[in-house]
């Protein structure tokens, strides 16, 4: 470990937090931008890839913020999707590496506090992103947002780089490189039986506790990222709200998450998520009072706040220290994979249900527009009142199908809590940082074998 003095710790953590906020602004802005991008790039049938490509690429950890600048210069929908994929590589790298660095510079007992602060940064980024997107597309082109994000992220990384400790173990670099398995990414058997350094060691899933947590993270990713991308569409297409109002009504979800970091119980968190999803499924309609919208999203935000970082600490408490970086990376990969799956499923649900509910009495041009674009309502200025009132209910039915999808995902996550037990935070294989005589000093303690044996029992054979 590289436990840091308080002054350096604050500097490192501030820089990492800034990068974290910027990366989630990049992710959070897209839901508000989608209807505008659809019209500008004629991407009615493929625009879901703008979000899905980001989540798929989030499974890789390389920083390529140049892609955000290229997003701003995209001339076609295909170019945008490719560049968003590289943006996902960048944001995925920031998310995983930030968590790994924090786990290396603080003890396990302190980790919940600091990673809880990072969870607040997620909320800040997800609040700022939609508002920034709404303000920009109301006054200028959506491309400006991408031109701003890239340089800001680059500056935050420049601040962080000189202050982060870099201690590398010795050894033959070429020999280590040969041990890394690349083909095993595609072949589970090679990962399981042959590779010396597999990308994802399958021993991580021998522990029922870790497996249950990973299932929760996958299902949470399905609903969380789908919420961020489809809620603005519901507000704009069904309720008729403006871009700014749509952004404002996403605040209850992410603000409650930011204010409820490091929640005490996974049970409570997933119960709140399940209840909130059920209310959203049953109550969100054409005429529901905005207060009910807020209540449902606040419940889900509280649930996210109680589980977002708590699951990470629980994974680390039930794993060996040598697997810490892998645990964090796999957690980020599974969450992003869940986001990709959730966005894909939600997109298909929205599209298919809408196509099956397009009123037959509408003029053919309007029907054609609705068939091409499920993310933006057609121009209804030429329609009669009777025809106008047919359009919005079709979109409402489609969005309700998406909301129904959230409920079983959260219910299964709640049920998975039955497999998780609290093993405590006194991880004796870590170095303990204490204050002595009013100054920050490091005090190292020898590891005991008790926790190592417990971890071995939980994790199964290597």
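Placed from the backbone N, Cα and C atoms, the Cβ positions cover glycine too.
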Can you say which of 114-137, 330-353 is given as transmembrane segment in TrEMBL?
114-137
Segment assigned the feature region 'Disordered' in TrEMBL (from 397-429, 430-462):
430-462
Which is it, of 268-291, 292-315, that TrEMBL names as transmembrane segment?
292-315
Please identify the range among 18-38, 144-164 that TrEMBL labels transmembrane segment.
144-164
Recorded stretch, among 114-137, 240-259, 398-420, maximising Cβ pairs under 8 Å relative to the transmembrane segment (209-228):
398-420
Averaged over the whole of the domain 'Major facilitator superfamily (MFS) profile' (1-425), what is the pLDDT?
76
Which residues of the chain, 6 or more past the ends of the transmembrane segment (398-420), have a CB below 8 A from one of its CBs?
208-209, 211-213, 215-216, 219-220, 222-223, 226-227, 230, 233-234, 237-238, 266-267, 270-271, 273-274, 277-278, 280-281, 284-285, 303, 314, 342, 345-346, 349-351, 353-354, 357, 374
